[in-house]
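Features as listed in TrEMBL:
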type     : residues : note
TRANSMEM : 54-75    : transmembrane segment
TRANSMEM : 87-109   : transmembrane segment
TRANSMEM : 121-142  : transmembrane segment
TRANSMEM : 163-183  : transmembrane segment
TRANSMEM : 203-226  : transmembrane segment
TRANSMEM : 282-300  : transmembrane segment
TRANSMEM : 320-340  : transmembrane segment
TRANSMEM : 352-370  : transmembrane segment
TRANSMEM : 382-400  : transmembrane segment
TRANSMEM : 539-557  : transmembrane segment
TRANSMEM : 569-590  : transmembrane segment
REGION   : 603-638  : region 'Disordered'
Amino acid sequence: MALILCLYEQEVCGYPLSIFFIVVNEFCERFSYYGMRAVLVLYFRYFLRFDDDLATSIYHTFVALCYLTPILGAIVADSWLGKFKTIIYLSIVYAIGQVVMAVSAIHDITDTDRDGTPDNLTLHIVLSMVGLLLIALGTGGIKPCVAAFGGDQFQDHQAKQRSTFFSVFYLCINGGSLLSTIITPILRGQECGIHSQQKCYPLAFGVPAALMVVALVVFIIGSGMYHKTEPQGNIMLDVCKCIGFAIKNRFRHRSSSYPKRTHWMDWAEEKHEKLLIAQIKMVLKVLFLYIPLPMFWTLFDQKGSRWTLQATTMDGNFTVNPILILTLVPIMDSVVYPLIKKCGLNFTPLRRMTVGMFLAAMAFVAAALVQIQIDVSVYNTYIVWQFVSGLVKYSLMLSWPCMPRNRCSISIYIFSDPLLQTDDVMAKPEQGANMTDMNIHFQIIYTTFTITNGANTCKYSREFGFGSSYTLLIPSHFVWGPTCSESISGVEDIQPNSFHMGWQIPQYFLITCGEVVFSVTGLEFSYSQAPSNMKAVLQAGWLFTVAIGNFIVLIVAEIAQIEEQWAEFVLFASLLVAVCVIFSIMAYFYTYMDPAEIEAQFRDKDGTEESDKEELQMQKKDFVDHHNDDDEAKQSKM
C-alpha cells in the first residue's frame, strides 16, 4: 500500500507520472481509430462491393454509434466497474474488433479460384459488421472514461496542470489522427496476398489493430501509478429514481395550496438524500447548456464530407486540419490565453466556447465564398481519342462532370453514337474499347487506357488535369508492341482548372481555431462542473452532442434540398450564428460551480443532522431511563 501511494505521488514537471501513460495510450488509440476510419469507405466500396449510398450510410451509422456508446461506458464506469476496469475491459473488446476487421479484409480466405476477388462476400460482410460493432462499443465506451480518468490523477493543488492536461490530451488525439490518415492510405496502396496480389486492406486494418494492442499494454503498465476512484453504486439508477420521484411528487402537489419550492428537484427531498439532489441539480444545469452545442458539430464534421467534395473540384493536395491543431493548441495555451488575461479580460470557458462557435460559422462563410469562385470555373474534363485505321475513324470520349451533387459517367462513341455508358467511373466496360484503372486524386485524373484489337493490347497512361480538354491521337503508322504507347500523341485543347486548394486554408484555419477554443474548453468544462460520482456521465453527455450534430447534417441537407452548394454553406453558417447568440445568452446567466465545495457542504450538513439525531435519541433514552428509575423507586417505597 505504501509503495502504491509513493508511485501515485510521483511527479514530473509538476504532473503526476501516471499521466504520461494515459497520454501515450490516447495517442495510440486515436491512431488506431482514425487509421481504420481513413480507408473504411474505400473498403466498403471496392472490397465489399457496396454502392456509394450504402457505403456512405453504413459509414455514418458507424460514426454515430461511436458517439452514442459513450453513454453506456459512462454508466458502467461510474456505477459498476470504475473507470480503470472499464477502460481495460472495453479496450480488449476494441482490440478484438480491430483484429476481426483486419481478418475480414483478407481476400484469400474465400478466394477459391484465386482470381484476386473473394467468392463468399457474405462471410466478409458479416466479419466486418461484427468488427465494426465491437470497435464502436470499445472506442465509444472508453471515450468518456479516459479523459475523466486522466483528470482524476491530479490533486487539488494541480488545477493549472489539469487544465493543461486537457489541451495535451486533445493534442494527442490530433497527433494520432494526423499520422494515421497519412500512413494507412499508403499501407492500403500496397499490394499483398497469398495467391494473388491485391490492395492491402489487411495491412491497412492490421496496423491500427496492432496500435490498439500497444495502447492497451501501455495503459496496463501504468496500473500501479494510477489514482483509482471506486464506483459509488448504480448512480444512474439512483438519478433516474430521484428525478422520477421529483416529477411525480410535483405533479401530485400541483395545487396552488402547496408552497412552492426553489427548484423542481426539491420535491424529491421527502425520499432522497439532499446530497444526491444537489448533484443532480449540477448535472442538469450543465446538460441544459449542452442543448445548443450539437450545431457546432454539425458544421465541424462537414470538413470530412462537403469540404472534401469541394476540394475535388480544385487544384492541389494537402492535409491541414491536424497540422493546424498541433500548432494552435500550444499557441492558445502559451500565448493567446495569457495575453488575454493580461489585458484584464475575463475569458471564461463559456465565452471561449461562444467564440469557437462564431469562428466555425465564419469558416462556412469562407467556404461559401470559395464555392462561388469554383462555380464560375469549368467542371468537365473531356478526353477525346482519335483512332485512325484505314478509312474508319473511331472516337472515345470520357465526360467527367464532377459537380458535388452529380455522378460521373463514361461514354464510348463511334461517330458520336454511344456504344456503351456506365454511371460508375471505376467500372470496366464489358465490351468495346476498354478504359480501366481510373483513380481520382483530387483534381488529377490518372488514367490507364487499354487499347486492343482482340489479338494485341497496348496500355497508355497519363494524368489529366481537372476542367480540361485533351485530344489523344493514334496514328495510322501505329505498331503493336512494348513501345506502342510512345507513338501516341496528345494535344491539350483547354487548360486545367487552376483554382488551387490553398484557398481552402482560411476556412480550415477558422474551423480549427474554433475547434481549439470550443472542444478543448468543453472537455475541461465538463469535467470541472461535474460531481465526483458523475464525471464520466457528463463526459458522455458532451460526446452525445457530437452524435446529434451528425444526424442534424443529414436532416438539414435532406429537408433543405438546396441545389447550390454555396447557399447550403451559408444556411449552416446562419443557423450556427443564431445558435451562438442563444448560447451566449444562456452562458451569461450561468453561475460557475465548485462541485467539491457543494458536496462538502451537504456532507457537513448531513453529518450535523445525523449527530443532532443521535444526540436527540440519547436525550430521549436518558429521559426514559430516568423516568423508569423514578417508577422503580416509587414501587419500592410502596
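All residue numbers here begin at 1 and follow the chain in the order shown.
Heads up, the Cβ atoms here are built off N, Cα and C, so glycines get one too.
Please treat TrEMBL annotations as automatic predictions, because they have not gone through curation.
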Beyond the flanks of the transmembrane segment (54-75) by 6 or more, those residues with Cβ under 8 Å of it: 33, 37, 40-41, 44-45, 86, 90, 132-133, 135-137, 139-145, 236, 536-537, 539-541, 543-544, 546-547, 550-551, 554
Residues from the same chain, set at least six apart from the ends of the transmembrane segment (320-340), whose C-beta lies under 8 A from its own: 164, 167-168, 170-171, 174-175, 177-178, 181, 303, 347, 504-505, 508-509, 511-513, 515-517, 520
Stretch with greatest number of CB pairs under 8 Å, the transmembrane segment (87-109) reference, 163-183, 203-226, 569-590 candidates: 203-226
Same-chain residue ranges lying at least 6 outside the transmembrane segment (163-183) that approach it to Cβ under 8 Å: 15, 19, 23, 26-35, 38, 147, 150-151, 154, 207-208, 319, 321-323, 325-326, 329-330, 332-333, 516, 519-520, 523-524, 527
Surrounding residues of the transmembrane segment (203-226) on its own chain - C-beta under 8 Å, 6+ positions past either end: 3-4, 7-8, 10, 16-18, 20-22, 24-29, 31-33, 35-36, 39, 43, 84, 87-88, 91-92, 94-95, 98-99, 101-102, 104-105, 149, 153, 180, 183-185, 187-188, 190, 192
Listed stretch, out of 121-142, 352-370, 569-590, that has the most CB pairs under 8 angstroms to the transmembrane segment (282-300): 569-590
